[in-house]
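What follows is a short report on a single structure.
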């Protein structure tokens, strides 16, 4: 038994022995030759590249089974720019470089490693070794680290079977290599005596990877772009060759490519290999080292020290740049700024020097920065001083910021300049607590208390810096993430700032600072503010906005917080819309979107509902790759909603996405407005610009916004202060106003109306303009009462403008000089490589801007002159770089795109009043002996920099321009010279004939445009003169040949129409006319000119006009004579009917146009147009089908639609030159090609040189167009062309006013028993012989009231009373005529205009209010009000016009009731003149619970609704007419007569059977499709002329009821 146990233990020991996986035999010494290659260039083998070859011999002693000792000897390296090759370069082809003794000693220090299962598990280095040297030695050990077999417990059964075969094997395992702990794929292949092991690293599956990233925190997470849009793609493959179980060769090949739009543009490549040389016994042992145990993974300790120094400054434990002496740094910086000072103009070289200065400043200590200040800054010119300040701010280390703040406090840098410099600090690459604390101290300092711009910039910068280390971003710093205690500390600081704030602006600034910080723990404080109804609305809205940077960190939390805010109708509409806007950017899932859609469908506030619909619709259409999932979800939820917003809603959201899906790149423009009902200013306006480049998403790259609360009060109070020079002295007007006010007060007293006081605090009224850049609030400009008061007090004295102070301010000559260096962006990523060097991939865009100039304003008695002299100079370079760094060498490749602009400018503008003529002159001057230069250069560059042994001397980089040979062949030389206007223009360069962005990055191009003026100054002048209106005779306007045969009407009415038209023209010509002259003269040197005269003659009401335009210009190329243009346009519109009867009986209802144009130089082209704007056959049929007699308001609103002109006929005769004819022909061909699928054409023979065009717009939807064009040779027809919805002109009187109310206003209709409120709520309430208050301004200072009553108990006619502050107006209709009394005095119709009263036709009167108007036809009172009003707190039967449907029934004493009778009684004006009809008022059948009126579907709906509303049965049962549809497989049938249906929300109570006629048509026919679309929205009006297909009995409701 014992023997069995012993044998088992021996077998187990043998199995556990590492001998089978052992690479080296104990007590043996091996010598391997190491070769390492660095290559930087383009991803092509046909271009040069910078290459460095490092070689040495490696002594390796296997001490035992586990440990090996190593030492590097015979180290040498060479570097040059040579062509790329698949083979290793020969060392002789490269330039030999010298390695200093100090660096060689570090590399030759021994090191020790432990190997387990073939893998290097531990490494020990000498205590004297440097970190960079350790990483170099790791790269050699990395070549010996190999797992020869898969771990048994991780092998699959197939792999175990393959293991027995041993010919090949594949397995995956996690393994630590030089580049991190990642998944590695092994392949083992047996080739005779050789065994080849290959392993590749999967960087997508890494547990840890030593890398850093800076400057990426301003981007947003785009999950859809992560895989496809990788900017840097590394690839690493190892190959091990064993022969007879001995390692003969080991090689690793790594490629790092930078990709743009999916194409590789630059690459860096490393190759390393060890080759077996000899094996022997150990003769001279390598010294054993006993340093701390470390891993094989690349050590970022050196990078960590650099990061700590940048972030902590002199407080860091180690200064990694201590080896560079202070004198060396100061000397280099002195040389840099000396060269900048020598450059009078900014060039790309200046930009390069600035980038070097930024890099050098980051290495400096406080003491060294002081030395720079005393030795360089104080002795430099102003330009250099400004550049030094901005480069210190761009450097953004703790030391440079501390140095700047020191000089802020000493005021050697002005506070305004300090505020500007802090904007660059916001973008620092190395944010830290130390920097944040410095900025907070500055914000709380006494200096900042005195200078608000500095304090604001300090707080906003502090918030942005805190985000860099306390929030989750795409940056990958080496320091550990901020602890919870650190986050809580800054949340407390910012919230304490909020709580200590006295003004709204201060609180907003605190929240914007907190928003910039983006700390996840701040969500708890923000939620409390959002949900606290005691907080001002502006604070709650700003708290919602402060959640913006948490959208990627905690999207579900934000949705959980904001969804209840959005759904709670007790919240203000603007807060709810802001919550929705912020919630949508968290990319919600479908269940959340379903909640949003459900709320939208049941929403009582029209602004909220419309804004919600627009947001969902715009997101559903987005092509932004980062919104693709959200777009699909929004499209899905919108499929199931029937909601359609009203057109007049001002709260909206729109976006313009411009993206290329293949490149994952593009831009998007967003625009959003948020309004509320009781404000004429928007509550929020935002315009933003976001970008996606190669999958990198910048959500808020730039955004401007305006937000305000109660700012209308500030404006009104300011206007009161600016009210001019005393009060009116008109005693009569004063008595009338007092009388009107007294009547309004009596109404208030009798009805016990409680004033609707706005619950706003004038002290909290404010507005804020803000600029957001790279997700940071950058600038906040507050405007409040105090700010405006200061301006008013400065320039207004005793109600009058202080002209002298204003003139003194304006006429001061102002010289200015601006120099600003900045980085538009800077980002870098550092990753390890298999050769032991870090690879830094960076992108930056250093820029310098200089503007020198002078501005002056001269004011004269009747004019003013502005002169601006400036010389702007801009230079910028975009650098994309991949760089290897070692103390012994710096190598890499970069792609440079440089641009430069230098242009001296002089601009003069003069405005002058001469002899009743206004003259405006603009003059642009090119100065003499000055040159304008615009240049662009692109080139890829390979570079090598080898420091010399003396560190004090700066070594210039060895650069070589490289290019993609195939792309470079596509370039073409440009060398062109022009001379025009006395200016010499040169354009020369070498540019790509066709290009893409990757091609630009891989080719050398240069282009320079110069404009030089060596003679006297060259002036370009534009002069406009506008003359006064003068009286003239209209007889010169002749309408001779204006009618064409194509204009003839049907039914032989043409002759009658023409006689009527000419009679109308003669009547107009007998009246007084007016003429006006406008001239435009453009003048340039060398007698170049363009002169234009525009002469207009019209009658007083613009019924007939003649417009003449004469233009002349100087001859151009190939012209020997002056070019002229003469045009004459005649236009006449018909009389404007005020009733349907007038419209029907009016013979001429068309607009006539005649245009003659003649142009050319030696040869003239002439064209004549006669056009007629008319009604199409379909529109005329609609007018004929109006059989019922309408009166009053329904008649007029139907007139607006019936009088629309939707068709234009044009007849043109022409005589064109061949060139002009060719141009028109090409345009015609382009139109046909663009509408290819809707075009039909046929060959015809028509009259020569004559074209006939007919264009008609479908009048119902106004979104489809038909067009027919007849030329001499062909007839072209375009059918059903989709166009944007157009507004058709109408000839009805006051039509534009009506359409304006429909689009932007709110309307209330009150009949004898039914009311439709401003907020679209319909209810029944009977009017009596006592006045009921229809609508009233119920503010503390009321301006109007509208009342109505029945004339007597049994009458259907009403009497309306309108009380304005000036007078009381009473109107009633008697014997089809309106009787009007003003202050109890009867007024004749001819005197109505002076009281702002107008009669339209025979049945409608309009009374204008201070804001709005009242329309009355004897039976219905229609009140139109603006949709937004500042002081109009309305009350009455029409509701409060606040946009909410759920709070309409507010009684006179301002409390809400659900009892409609109680609501109605509160607005009854009881007096001795009337008898209250208590029985009628109390009878419940006269009241009905309210319901929401359906949204207006189209302009024609109201027409049928009016017919229904005036039908007694319809009024009783609430029925409406609709076309009935029956659908079959191949046909669709429509009821010829409309069928009654119950309104939405009601159900049929009684029904009857009626026989209905149907007409059927094929489903695929054009009419079927059109009628189906119409029938969904209203009655189809065109079915009478269709044949009857069948008759069927249909059950029709006769009464409806609401349950």
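Backbone N, Cα and C atoms are what each Cβ position is placed from, and that goes for glycine too.
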812, 1266 - residue that Swiss-Prot labels as N-linked glycosylation site: 1266
Neighbour count (Cβ, 10 Å) for residue 1266 (N-linked glycosylation site): 17
Inter-residue Cα distance where the pair is residue 1474 (disulfide bond) and residue 1438 (disulfide bond), in Å: 22
Inter-residue C-alpha distance, residue 1266 (N-linked glycosylation site) and residue 1308 (disulfide bond) (nearest angstrom): 37
For residue 1474 (disulfide bond), the number of other Cβ atoms found within 10 Å of its own Cβ: 15
Alpha-carbon distance [residue 1308 (disulfide bond); residue 1474 (disulfide bond)] in Å: 25
Per-residue Cβ crowding (10 Å cut-off), top of disulfide-bonded residues 1330, 1438: 1438
Alpha-carbon distance [residue 1308 (disulfide bond); residue 1330 (disulfide bond)] in Å: 20
Under 8 Å by Cβ from residue 1308 (disulfide bond), counting only residues of that chain that are 6 or more apart: 1315, 1316, 1317, 1318, 1334, 1335, 1422, 1423, 1425, 1437, 1438, 1439
Mean of the pLDDT scores, which run from 0 to 100, over the domain 'Vitellogenin' (24-685): 88
For residue 1438 (disulfide bond): DSSP state (helix, strand, coil): coil
